[in-house]
């Protein structure tokens, strides 16, 4: 056990899908996994283990933002020996290259958070995903006929009051969307010699002001869940 996860050692499989929302974790477990079992519930941050097409896989919530995400990622790696961590979440698009319902594979993550500078002795850390996981995601998307969008994301500490005047600059540097965790996830996995990747489904477009309905959000997220489970199976 850890201060934030009350699962037993051995409850987590080496591969784990991460979601910010613990209710989404429960949804995935009930809809997509066989023999799903709740293994942790501290602070109502739920975790499950089960089978997908006969292969063991775990699910874990991580809350919102880099600080919360890195707590869970650190404990999963150091205490529960999780080797591959795949975050699946939503994001707000800032580039004309992507639209609503698109799935983005974050090949790099910039951030306005200071956490990686503290971690890397005030130098700029290149927060990037594991290549092998990225390749598997790309190849699986091709097999499933999913037009996976590939590019950078910006992990912000702010959900509200973000610097909207910076959107054009970010898009110029091939940043496709804004989310809140990838930079911390990648840095933690790099530090602890584990594999991580972030996939994000576009739920809102911050430039065009388009947004998915609640029903559309579920449907588009299901496509990403299937992609994530297939690439891990």
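Using N, Cα and C of the backbone, Cβ positions are placed for all residues, glycine too.
Long-range C-beta contacts of residue 204 (active site, proton donor), restricted to its own chain and to partners at least six residues apart, with a cutoff below 8 Å, comprise 90, 92, 93, 100, 210, 211, 212. Positions annotated as active site, proton donor by Swiss-Prot: 204.
DSSP assigns residue 4 (purine D-ribonucleoside binding site) to coil, not to a helix or a strand. If you look up Swiss-Prot, you'll see 4, 179, 180, 181, 203, 204 marked as purine D-ribonucleoside binding site, on the strength of similarity to another entry.
Taken residue by residue with DSSP, residue 88 (phosphate binding site) is part of a strand. The Cβ of residue 88 (phosphate binding site) lies under 8 Å from the Cβ of 17, 18, 19, 198, 199, 200, 201, 221, 224, 225, 228, each of which sits 6+ residues away along the same chain. Annotated phosphate binding site per Swiss-Prot: 20, 24, 43, 87, 88, 89, 90, in sequence order, evidence recorded as similarity to another entry.
Around residue 217 (site 'Important for catalytic activity'), the C-beta neighbours below 8 angstroms that are at least 6 residues distant in the chain are 90, 201, 203. Residues or ranges marked as site 'Important for catalytic activity' by Swiss-Prot: 217.
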Using C-alpha atoms only, work out the spacing between residue 180 (purine D-ribonucleoside binding site) and residue 43 (phosphate binding site) and round it to an integer in Å.
20
In the three-state scheme derived from DSSP, which category covers residue 180 (purine D-ribonucleoside binding site)?
coil
Cβ neighbour count within 10 Å of residue 180 (purine D-ribonucleoside binding site):
26
Around the C-beta of residue 24 (phosphate binding site), how many further C-beta atoms are within 10 angstroms, looking at every protein chain?
20
Can you tell me which binding-site residues out of 4, 179, 181 are within 10 A of residue 87 (phosphate binding site) by Cα, answering none if there aren't any?
181
